[in-house]
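What Swiss-Prot lists as isopentenyl diphosphate binding site is Lys183, Arg186, His216, Arg233, and the listing cites similarity to another entry. Marked as Mg(2+) 2 binding site by Swiss-Prot: Asp223, Asp227. Annotation source Swiss-Prot lists Mg(2+) 1 binding site at Asp223, Asp227.
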Amino acid sequence: MSRLIINKSNSRICNTIVKNYLIQTKYTLQQQQHQQQQQQQQYVRSYCSLQQPKPSKPNMIEIVTHFFDKVKNKSFIIENYLNNPIPEQQQQLNKNIKINNTDKDNDTLEQIQLLDPLNNLGKRKGNEIFKVVENDLSNMTHNIMKTITDGVSANSTYSPSPSKKTHPILSSISSYYFELKGKRIRPTIVLLLSKALSSTVHGSQLKLAEIVEMIHTASLVHDDVIDEASTRRDVISINHSYTNKLAILCGDYLLARASVVLSTIRNPDVTECMSTALAELVEGEFMQAKSNGVVSFDNYLQKTYLKTGSLITNSCRSAAILSGADSNIINISTEFGKNLGLAFQIVDDLLDYTGSAEECGKATSVDLTLGLATAPVLYATQEFPQLEKLIKRKFSEIGDVEEAKRLVALSKGIEKTRNLAIEYCNRAIQSLLKLPQSESRDLLITLSHIVVTRTK
């Protein structure tokens, strides 16, 4: 009997201990989950407001934007990059850049100032920039037209027979956008950076400018088909002038001709850089098409880098490689291209809300119509959470687009987006200041200002 009582007592004690242990374990797990949620929320807040998180935690903005130091690693993808710590040099660079709080509750939002380290250098006019590379841009356009119409790149040793030349209709369609006056920002960046690093533009660097412009133009042709755009650069788009089928073939042809020119440079590192840029451009377009109404700044910045930033990043890296620069200068050039590329696309997304069709040379307010959530509406969601429902259904119901535009206008989304673009521009300028002083370097600073202050 005594043994039975003791056993029952022990049993009750054991049950109590087990029960308390389970309760404590459940409480501990809940606490851990709560802490993880708080950490994730803190990352998102710091991510969207550009606040620096605690030193012990990685800064998500920096992680996303510090890209391509491992460009030669073919398996390198953004998802892996997000788990890497910020290199020491980049942390030091962060200290030199003033990051204002863009998530204030005040009625007014402090405007981040553009860095102008050389006394109003940013106020110089754009024509000063293009005048320096005017002859190179002219030669570039001539070579592109020759490549398109004759089916052979300039200075190539390959000579096709007359029957192998480009079909006249394909040649005409492919030349369509090159005959118009575009911004030509990307080749200008390549040419100015080439001059800044080696005082002159080598033949291989001029070819690089041609490649970048052909890849970019091909992406515009394909974009117009995907977006069903009716205008481009103030004229009817190729897909509307001809057909979607011919437009797709035209874009494919431009990419093929760009690949031929790339092969004549005969530099495996440059080939890998530009091939990666082309692959990531497609990946970014695919990511946008399959967004499924994701409410995520992380997703937005990844797509922005892939669609726009990667081509500028890799073209700057390639220009540095072709100049014979050391690894430090190559990495500085890569950082410059990456940050300027992100700034450029963020401004494009901003102009979709603030610009006019006449100024931009293309339709505006199309992102919402296409169901795309870019920086202005993502920032506005912080103040108007009801926007999340609209984003998730990709603004597909009647009145969604108008309601989203109304709430963005009422929010600080426009100002925060402008601050974000300026922040990336400032980082690009900080990279340029690490290069030796030259007229071309200074003009790149001016160009960086133009990128974020433009109205089209």
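For all residues, glycine too, the Cβ spot is worked out from N, Cα and C.
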If we take the residues Lys183, Arg186, His216, Arg233 that the record assigns to isopentenyl diphosphate, their largest CA-CA distance in Å comes out at 16
Expressed to the nearest Å, what is the distance separating Arg186 (isopentenyl diphosphate binding site) and Asp223 (Mg(2+) 2 binding site) at their Cα atoms? 17
Students should find that the Cα atoms of Lys183 (isopentenyl diphosphate binding site) and Asp223 (Mg(2+) 2 binding site) sit apart, in Å rounded to an integer, by 17
Please give me the CB contact count at 10 A for Arg233 (isopentenyl diphosphate binding site), counting all chains in the structure. 15
Whole-Å Cα distance, His216 (isopentenyl diphosphate binding site) to Asp223 (Mg(2+) 2 binding site), is 10
Whole-number Å value for how far Asp223 (Mg(2+) 2 binding site) lies from Arg233 (isopentenyl diphosphate binding site) (Cα to Cα): 13
Using the centroid of the Cβ atoms of Lys183, Arg186, His216, Arg233 as reference, list every other same-chain residue with Cβ within 8 Å of it (recorded isopentenyl diphosphate site), in sequence order. Gly182, Arg184, Ile185, Glu213, Thr217, Leu220
Counting Cβ atoms within 10 Å of each Cβ, the densest environment among the binding-site residues Lys183, Arg186 belongs to Arg186
Please state whether DSSP places Arg233 (isopentenyl diphosphate binding site) in a helix, a strand or coil. coil
Using a Cβ cut-off under 8 Å and a sequence separation of 6 or more, which residues in the same chain sit near Asp227 (Mg(2+) 2 binding site)? Val366, Leu370
Helix, strand or coil: which one is Asp223 (Mg(2+) 2 binding site) in, per DSSP? helix
